[in-house]
Amino acid sequence: MTAGKGDELVPHPVKDQLPGVDYCVNSNPSWAEAVILGFQHYLVMLGTSVIIPTIIVPQMGGGNVEKAQVIQTLLFVAGLNTLLQSWFGTRLPVVIGGSFRFIIPAVFIALSNRYNTYLDPRERFKQSMRGMQGALMIASVLPILAGFFGVWRIVTRFLCPLSMAPLVLLLGIGLYQQGFPLLAECVEIGLPELILLILLSQFIPHMWKLKQPLFERFAVLLSVGIMWAFAAVLTVAGAYKNRPLQTQFSCRVDRSGLVSGASWIRFPYPWQWGTPNVDAGEVFLMLAAAFVSLVESTGGFIAAARYGSATYCPASVLSRGAGWLGLGMLLNGLWGTGSGATVSVENVGLLALTRVGSRRVIQISAAFMLFFSVLGKFGAILASIPLPIIGALYCVLFALMSAAGFDLLQFCNLNSYRTKFILGFSIYMGLSVPQYFNGYVITTGRGPVQSGSAAFDQIMQVLFTSPAAVAGIIAYFLDITLARRHPLTRKDSGRHWWAKFKYYGRDPRSEEFYSLPYGLSKYFPSV
């Protein structure tokens, strides 16, 4: 049987901008739809905003009240940072939320011996939070200087699809611990949420054609609402009355302690925990986390540009985004969130799921963050969604984030052995090295680096437990050093595809997506 004309064996064409996106960075859905989509983005970012304080606040001596206050503060600052990044930073549709990479520094500071003298748990919490604030405020200088003084612009001009693919790929895959393991903590609500989300977003739209893409665009909101109600019914019916405490905490809708701990109205403000203090070792530890966050956020920017159907970010735009990310970390330190800032991976995945990359939608989600952070009780109700439901969302959203890394491979020559080595080695090491560091801690209670300085040991732990950072740094180094002068290297790595975007003015589309508002590009030109 001969192939038809439409079945000719030719490769799919390479696309500078991702096709099939319903709303790109500069286009907007109706206001009603944008508000619902913005609320959906807010709902998705709640998971990380709850998980981080849930881990670090008890280590600091805090209880439910302190946990609720830290969550409110983290949401408030995330709203500010998201607005600043979308207005004046990269201008991409990214949510700037808390980062898992700051958990190690936060716990290290919280367990420091200098806080053991405080017997009152509330006072110990405030003192350890002040230590985190001081370290984070100084550490924020790194991305601020790297971004606004052009250092990151120089670094990112050497990026290419080959060196970025492992970084973007492992931004999602590297968070596999937050996916199915979190879902499985209450499988009777987590697994149905995952199945329902896939049915609503992938299968039903092909089986039931509607004039409006209702199911694929609002699948997260619909599925979470249904399963949250189901979890509430199980809770009221007493299904978990005699179950272990951990099962009750994971499955019940009334065990988070957030609603009782949150105040009705509370405005987070700078230095709310008192005057920050500084310890040199803790500063270097936060600097390591800030560097890792900067590397990961760069991958997040590139993935968001892809899912927003924008062109590749010019180096100066990435540098501008790095500077505003650093200012975001400074705000995190001023307000005392217990965590630094980074691009929210799950929200980038949601751009792909909804096929809406509108900047306006993300700015509306930032308004929801600010609103619910002030109205504490209402925000706490939403934040009390059982975490296994969030884990089910992560299984899909982190996967879509990873797919952006595969997407970059279309620009590379996959028949090149150099390409295969860099890809394979960087991805493998990006998974293997963090596994070694994490496994060592589990089996021995300490990290594999034992230099005699606890702060230095923790710095190594921060740097080498980020799969995306490890893979990205290895791929970047190999790409700029391995067979650099070979005549085919430039094309094999896809560098020629991104050459026209290296400098801001080389492609007219850069102005369309990345120019500053209010005529500010005239005073702060990109190069």
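Yeah, the Cβs are placed from backbone N, Cα and C, and that goes for glycine too.
It is 421-442, from the ranges 289-310, 421-442, that TrEMBL records as transmembrane segment. Among residues of the same chain six or more beyond the transmembrane segment (134-152), those with a C-beta under 8 A of the stretch's C-beta atoms are 102, 105, 109, 276-279, 282-283, 285-287, 289-291, 293-294, 298, 315-316, 318-327, 329-330, 332-334, 340. The stretch in 70-88, 94-113, 361-383, 389-409, 421-442 that contributes the largest number of Cβ pairs under 8 Å to the transmembrane segment (220-240) is 389-409. Scored by C-beta pairs under 8 angstroms, the transmembrane segment (361-383) has its highest count with 94-113, from the stretches 94-113, 189-208, 389-409. Against the transmembrane segment (94-113), stretch 39-58 shows more Cβ pairs under 8 Å than any other of 39-58, 70-88, 189-208, 462-482.
Within the chain carrying the transmembrane segment (70-88), a Cβ under 8 angstroms from the stretch's Cβ atoms is held by residues 45-46, 49-50, 52-53, 56-57, 62, 94-98, 258, 262, 266, 268, 272, 320-321, 324-325, 327-328, 331-332, 335-339, 341, 359, 362-363, 365-370, 372-374, 376, 379-380, 383, 516-517, 520, all 6 or more beyond its ends. For the transmembrane segment (389-409), the partner stretch with the highest count of Cβ pairs under 8 angstroms, out of 39-58, 189-208, 462-482, is 189-208.
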